[in-house]
Amino acid sequence: MWRRALSLPSLRQFSSTPEIPTLYSFLQPSIFALKRTPPSSQETPKALNPTPKALTLDHKTALESNLQTSLDNQNTDEAWKSFKILTSNSNFSSKHLSNSLITHLSSLKDVHNLKRAFASVVFLLEKAPQVLTFETIGTLLNAMKNANTAAPAFALIKSMFKNKFFPPFSLWGSVLIEISRKNGSFVAFLRLFDENCRISVDEKLDFMKPDLAACNAALEGCCYDLDSVNDAENVLETMSVLGVRADESSFRFLAYLYALKGLQHKISELDILMDGFGFSSKRVFYSNLISGYVKSGNSDSVTEIILRSLREGDGKSMNFSEETYSEVVKGFLSNGSIKNLAKLIMEAQKLESSSIGIEESVGFGIVNACVSLGLLDKAHSILDEMNAEGGSVGLGVYASILRAYCKEHRTTEAALLVTELTSSGLQLDAGSYDALIEASMSNQDFQSAFSLFRDMREVGIPDLQTSYLTIMTSLTENHRPELMTAFLDEVVQDPRVKMGTHDWNSIIHAFCKIGRLEDARRTFRRMVFLRFEPNDQTYLSLINGYVSAEKYFSVLLLWTEVRKRVSINEGSGLKFNQSLVDAFLYALVKGGFFDAVMQVVEKAQEMRIFVDKWRYKQAFMETHKKLKVAKPRKRNYRKMEALVAFKNWAGLSA
């Protein structure tokens, strides 16, 4: 956007010191010094202005040769010295050498040499314009753009026009537009633009005709920086003379300006013209009318434009951008008009189609703009105002506030707002619930997540699985098995939730890990009661938990159960694998239940599962190294027999 140019100080010059009057006074050696040194009073006039000496042909040839060699060797000062001597004696180097020098100076990216390049071009424009090429001019202008030097760029174009050196507009137009935007120099650009267009028409030079983008840049500056209807319409008239056809951008600039000035009759003319030009969508046109009305403080007209867009679209939104809604919000709130914003939303809801998407509603646009501007409390105030007025609050108003609450981790407030929303008969989609629940779990606000999940179930959301997994995963990561158990009990009968053995395993594993073995056992029994089949992971978690607590008898009871399951359900989900064999053997050896140990060994051999005997030999030595085979008695004969069998199997008999 153009910055306001009329209020800026005068255009910046090359330096703060007075310039030597003649543009090509660079011929004096001190002109490009960074700091000017005043001439000494001791110097004579002759020393200050020596009389040029005529150059012989040989001397000129030698200077040109030296200029070329210096350029080849990147010896800038020596090249400049040769060029100065040539020009100070009213001689001109060849076209190739002159353009090469200027191109070289422009490429050095320092102000000192850029001044040299500028002065050289201005001098040649006045004395020998035929020497210069458009390519060289373009190179210099781009260097000025990169150095962000506005004044010399404008001076260069003025000098070209003055000396009837007419370059194509494409060579300099876009460069000066960019420079002007950076420096707030629109007035200077507009003058050159007008002069260029006059020359193009008077001299019938089509290559000087600006393109649509340049004309729109001029129009934009007139509308947004100068706020001048006359200047804008002059540019529009120039476009007509040049045969440049206006586009949507042209109309949007004028729409802003006419709205700013309150020129309703001209807005109506623009509206008719847009239809004549065949522009089917008026979204951009209306957006700029809104911008103009907002800037002028005309909130009634802003409201009228938004409602008009809905009427013309049969209840469908124009999909105004967030930037437009932000302008509306800032404009209304600058006058403290929360009530008027609420009224605008309610009036819009009366016109909006029932098929309109949540994010396409005016309510969503306004509230979302509040949120984006960091005015979440203002957004909630709008909601409160609508409720106080007894108006119907659309889902779009709630949706944006809910998202903001999630982003700010205000999940308790979000859950309460959902309850309010559902009680009013509105219903969020599954994706919104999922996002809210994920935010609640991330914030470890488990109760809000459970409350939201209950709402999902009660309002009949068909897809519960994503949120179910989010809750279960988060509870697992946060080591909250008691909440997992309660949650599973609550949803286990819901056919929309796909629950499996792994869910119960997660709870059992979590209980075992924190030593709550009775809770783990209770969960296991509940799991079996509900007909979820335990698998190897179920038993591994329980075995490891019991071993950690040295409750080896509990492992023996597990083995009794597993032995039955394996024998009865060979093809079931329970896999009697090496991990399970190792876990049982280690625990049963440590517990001294050698009868059960040999049963496990027998089952492993039957299923061809490899067993590392050394590990269990070590376990026996650590726990039972003093245990000897006593004389068999009738009542413990079987135990002694099992011990002997184990020692024989493990290689401990010797």
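Each Cβ is built from the backbone N, Cα and C atoms, and glycine gets one as well.
According to TrEMBL, the protein has these features:
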type	residues	note
DOMAIN	53-209	domain 'At1g68980-like TPR repeats'
REPEAT	429-463	repeat 'PPR'
REPEAT	500-534	repeat 'PPR'
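Same-chain residues lying 6 or more positions outside the repeat 'PPR' (500-534) and placing a CB less than 8 Å from one of its CB atoms are 472, 476, 479-482, 484-485, 488-489, 492, 541-542, 544-546, 548-549, 551, 554, 565, 572-574. Within the chain carrying the repeat 'PPR' (429-463), a Cβ under 8 angstroms from the stretch's Cβ atoms is held by residues 399, 402-403, 405-407, 409, 411-412, 414-415, 418-419, 422, 470-471, 474-475, 478, 480, 483, 487, 490-491, 494, 496, all 6 or more beyond its ends. Taken residue by residue, the repeat 'PPR' (429-463) breaks down under DSSP into 27 helix, 0 strand, 8 coil.
Per-residue pLDDT, averaged over the repeat 'PPR' (500-534), rounds to 91. Applying DSSP to the repeat 'PPR' (500-534) sorts its residues as follows: 26 helix, 0 strand, 9 coil.
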